[in-house]
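What TrEMBL lists as compositional bias 'Basic and acidic residues' is 1-22. Marked as region 'Disordered' by TrEMBL: 1-24. Look at TrEMBL and you will find 99-154, 153-207, 207-242, 249-291, 333-375, 374-416 tagged as repeat 'ARM'. The annotation domain 'BTB' is assigned in TrEMBL to 510-539.
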Amino acid sequence: MELKKHQDQRLPERKGQKRKLEEEIEEEQREISAVEEAAAAPYGEARKVILNEVYAQVNILNSTFSWDEAHRATAKRATHVLAELAKNEEVVNLIVEGGAVPALVKHLQVPPSSEIDHDNSKPFEHEVEKGSAFALGLLAVKPEHQQLIVDAGALSHLVSLLKRQRDVHKDGSDSRAVNSVIRRAADAITNLAHENSSIKTRVRMEGGIPPLVELLEFTDTKVQRAAAGALRTLAFKNDENKNQIVECNALPALILMLRSDAAAIHYEAVGVIGNLVHSSPSIKREVLAAGALQPVIGLLSSCCSESQREAALLLGQFAATDSDCKVHIVQRGAVQPLIEMLQSPDVQLREMSAFALGRLAQDTHNQAGIAHNGGLVPLLKLLDSKNGSLQHNAAFSLYGLADNEDNVSDFISVGGVQKLQDGEFTVQATKDCVAKTLKRLEEKIHGRVRLDLLLGLLGSSSPKQQLDGAIALYRLANKATTLSPVDAAPPSPTPQVYLGEQYVNNATLSDVTFLVEGRRFYAHRICLLASSDAFRAMFDGGYRVRSCNCADVMVYQPFFVSLLGKGARGGCFQTLFCHPIFCCYLNSFN
């Protein structure tokens, strides 16, 4: 009965508190609505209204720094109003002009202990500090206000707020309120340090890195994400911060976060690791030794495109100089998802995957694997991109693939040579890379295997492949001519023999027959001997065709016939039959 009576007595009290809270919210909304209406008015009038509102909230903050419940409630509402205003970047300058920064920084601290009531109650504990940190974080989005906020003393107070996680265990504070204030403090540090090297250093000097690393293991995922975001910013291009983050043993927690199912968690974690590894070979080794490689490769298949992009970038950094790491990345299954990413509609995703494949393609075994898994065609397609970085990354990848002889046939069969020759490249570095790639391919197009492929392309149903084959044959022929043993010594003067048109490819008086894919082409031995040193060596030397009247030439017929036609019109059999392309086949019948 006593318990029930006590509950009944407290019921009106709770209803009163609820009604009071609703009234505060309504008043707060009215104030915000008034300011929003003013923002839609002509600029001069709007400016005046907004400034007056800012002045009013700043005066409230300056006069309510105590544990009095009414003061705390009013201060909480004032920080909220200023934060709502600061969400509009066009109003941020007016908020700063109205003197909000010092007032907000003051309320990052708790009021003096002497102000606490006799019952030790702390009304709105953490709430006012949270609102102040949130508002200051929004103001810090504009770089010109970052230093002003730091100079007002915000950093030391924000770092103190990060340590409030311990209050949950010490005195049973409201964990939800504590989580909120910690998250807002971490976000404010992120915005203050963004692209500001001096403030990054100040955060370290104020002792901000150790508590942020501790928060990576916090149970609240929003706090984890905020802490990782702050560390990511602090690690970017700041070697001292990188070293301290690693020294504070952040790697195990970060690697565990890589395996999180929450996209927001593994995105921030892979971003922190990427910034730690960048231009730091020693940290890269530590990260790999800690077991980061496999979970990073796993992120290539994430549903979060931002995590995919960061993972591809990080793999490219891992593969930068360490040849063993290049092989391990491929062995652990990175190639296929990277190739799939090349076809993504996301330009940045294509750019980072091409970057990673370009680094991996500097290893001989990886070169064959990337081409075998279908990477060649999508990389060639990226050469059409108008994005200079994407185009260059694709060109660099193709340069690596061209270094492997096993890939040369694929380059030719898919029209890659022509694509490289016809491409329009905006960056000089890309033009140089493409020129080196073409030179590599030209050097490797040789031997009978290449010749079979090139001749086969002439019979393709694709006009483009026919053209690629003809161009490659022409270059191969020119190269073979310069390297032919027949031309190694200065050639002796050779008499030219011309026949009448009626005797070209005519069986009458013919004593030599070339059999080309089952069709016969007729010639005259005396003309061949007189016109070509190659045929003279063939007929007078140890070739099998010396004693027979039929030379079986295994060569692609249409190309041979076209040359025959040229020889008939020009009357030059030396050009026709002594070409190294055909000689290399005739020599095989020795």
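First residue shown is number 1, and so on along the chain.
Quick reminder: no glycine exception, Cβ is built from N, Cα and C everywhere.
Given the structure is predicted, the values throughout are model-derived calculations rather than measurements.
Sorting the repeat 'ARM' (99-154) by DSSP state (H, G, I as helix; E, B as strand; all else coil) yields 33 helix, 0 strand, 23 coil. Mean predicted confidence for the repeat 'ARM' (207-242): the pLDDT average there is 96. For the repeat 'ARM' (333-375), residue counts in helix, strand and coil come to 30 helix, 0 strand, 13 coil, using DSSP. Per DSSP, the secondary structure of the repeat 'ARM' (249-291) breaks down as 32 helix, 0 strand, 11 coil.
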